[in-house]
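What follows is one structure encoded as structure tokens, with my remarks underneath.
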């Protein structure tokens, strides 16, 4: 390979790294997350993972407490929140959930007898969280967060998960709750 030749995958990686996070993702259909069927697909995957892990015991233990976002929603307070505060809470929750699921993946990788069906659901959750993050970028959710919102925001309420079942329950509840509330309102605002 000459000095100026680079493998195609390296160019792709460099081009992906050069995109600022707040800009729309080229090639992604605009506002795809506003189609209820898209979010419903991720909800079904999360619920399926939760259901699969309900019956297992020792093999579904995380062997540690992993911090996840608290999914309880005070609807009265949520409706009174500024859009930027809602967006910030969703972004923080997605980031924390992504960290938690990746930690769960590491626990499985280090297990002496990893459960293949469980691994499949963890991989789907990681993929789903990445896709949701991309869809929110296209929706412009990052632009909704202003610096004063970020500076004055209350810390994200958290809980811990010690089993995959609880981790997937939090994932499912987060999608059904805060994410669905936020995207529903953001999509309505965009339609005006």
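Heads up, the Cβ atoms here are built off N, Cα and C, so glycines get one too.
What TrEMBL lists as signal peptide is 1-24.
Over all protein chains present, the Cβ of residue 34 (disulfide bond) has 18 other Cβ atoms lying within 10 Å. Per TrEMBL, disulfide bond is recorded for 34-187 (among others).
Taken from TrEMBL, the feature disulfide bond applies to 56-60 (among others). For residue 56 (disulfide bond), the same-chain residues 6+ apart in sequence whose C-beta sits under 8 angstroms from its C-beta are 115, 118, 164, 165.
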Report summary line: So residue 187 (disulfide bond), by the Cβ count within 10 Å over all chains shown, scores 15
Query raised in the report: Across all chains shown, how many C-beta atoms besides its own are within 10 angstroms of the C-beta of residue 60 (disulfide bond)?
Result: 20
